[in-house]
Amino acid sequence: MDRKNDGSAQEPRCSFCQKGPDSVKRLISGPDVYICDACVELCNEIIAQEHVQESVDAGKLLSPAEIKARLDEYVIGQHTAKKILSVAVHNHYKRVFFAETLSDEVELEKSNILLVGSSGSGKTLLAKTLARVLNVPFAIADATTLTEAGYVGEDVENILVQLLQNADYDIEAASKGIVYIDEIDKISRKGDGPSITRDVSGEGVQQALLKIIEGTEANIPPKGGRKHPQQEFIRLDTSNILFIMGGAFIGLDKIIEQRMHGGAMGFGVKVASKKETPLSDLLGNVHPNDLVKFGLIPEFIGRIPVITHVNELAEDDLVRILQEPKNALVRQYQKLFELDHVKLRFTSNALRAVARQAIERKTGARGLRNVLESVMLEIMFNLPSMTGVKECVINTAVVEEGKEPIFLYQTEAKTGT
């Protein structure tokens, strides 16, 4: 540093903001330079912000509109659910990426999500697609297999084992992953009041799940399996893991309807019937108290701030699902046939017949593959042995009556017959 002419040293000042020792808490000295505590904090914020910007540039932090647009590529319908999910997921990962820049004055809570809707309506697909869009590790668990620690069944922490395995044991990646717990309605407690007897697969599991969905340091066996005292554990912080839970919640609509319309009696009172209030409208009005009445404990519901529903899929929805998504079943079969140099075509009535069969089986979208597999089995068995086939047409008779499809051979295809 420069010296004064009288030989006395200049008062040390921060080389960045020029503040003296009386204006700052601390000055850190280096070779001919000083930096104050305020500038150190500012530098840390700049570095953290650059880290966040790198994450954004890498596509990890998408806007809600971008997330929904990506979901639209794979999931048909469910626009309200997709909007709610997109906002919740965006806020969750914004909280994760900006954690280093957030002040201690404001604590952002996790945006865990509950999806209510019938089987085959797309709950699992939504969660799985979110993980694909965000490029984070993903794990699916079945709530019906979970029990309290010490009982026959899977410990709740085994959910995290699968997530860690899917992340190739990258703890940092796993700590920002997504876990989908299906059939969450099946662990509702028995009865309205607190359980007096041990309920190892109901209220007990809800109690066991509380900590990991809220955020805790979980001890995980290195290669899965049961814990034992001599074993070394992997510690996984679940504070930034997004938990999405789904269930059919059969009977929840009656609880909602009773709250909305029940209790009023007498002349002049309009009684709402089920026909007047569609199931989707009822589920769209679900409140946390309805879920408590169903059997989820208040503490559990309190850790799931985002609750939405998915609609039952109609015939038109299923027909679109067969054709429109990037991984649509019809597209997949057409690609398989294309590898054998055969064009595959479904008539519109044939696709509707497939959709109707899935509805009759009450399996929703997941039943479409089973129906198509049955329809296509004999065709795909025989086709590789056939010669000269250029086009295969699946009509209603093939789907409903098991008849042979229309095969167009090379000469016929050329003449257009």
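Glycine too: its Cβ is placed from the backbone N, Cα and C atoms.
For reference, Swiss-Prot has these:
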DOMAIN    1-55  domain 'ClpX-type ZB'
BINDING   C14, C17, C36, C39  Zn(2+) binding site
BINDING   S118, S119, G120, S121, G122, K123, T124, L125  ATP binding site
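A straight line from the CA of S121 (ATP binding site) to the CA of C17 (Zn(2+) binding site) spans 59 Å.
Cβ proximity to the Zn(2+) site centre (mean Cβ of C14, C17, C36, C39, cutoff 8 Å) flags the following additional same-chain residues: S15, F16, Q18, K19, V24, L27, Y34, I35, D37, A38, V40. Highlighted in sequence order, G117, G246, V310, G364, A365, R366 have their Cβ within 8 Å of the centre of the Cβ atoms of S118, S119, G120, S121, G122, K123, T124, L125, the residues recorded for ATP, and are not part of that set. Of all the Cβ atoms in the protein chains shown, 26 others lie within 10 Å of the Cβ of K123 (ATP binding site). Look at C36 (Zn(2+) binding site): DSSP puts it in a strand. Close to S118 (ATP binding site) in the fold, though at least 6 residues off in sequence, lie A248, E312, G364, each with a CB less than 8 Å from its CB.
Taking the Cα of G122 (ATP binding site) as the reference point, the closest of the binding-site residues C14, C17, C36, C39 is C39.
In sequence order, G20, V24, L27, Y34, I35, C36, A38, C39 are the residues of the chain that are 6 or more apart from C14 (Zn(2+) binding site) and have a CB within less than 8 Å of its CB.
Annotated pair T124 (ATP binding site) and C17 (Zn(2+) binding site), C-alpha to C-alpha distance, rounded: 54 Å.
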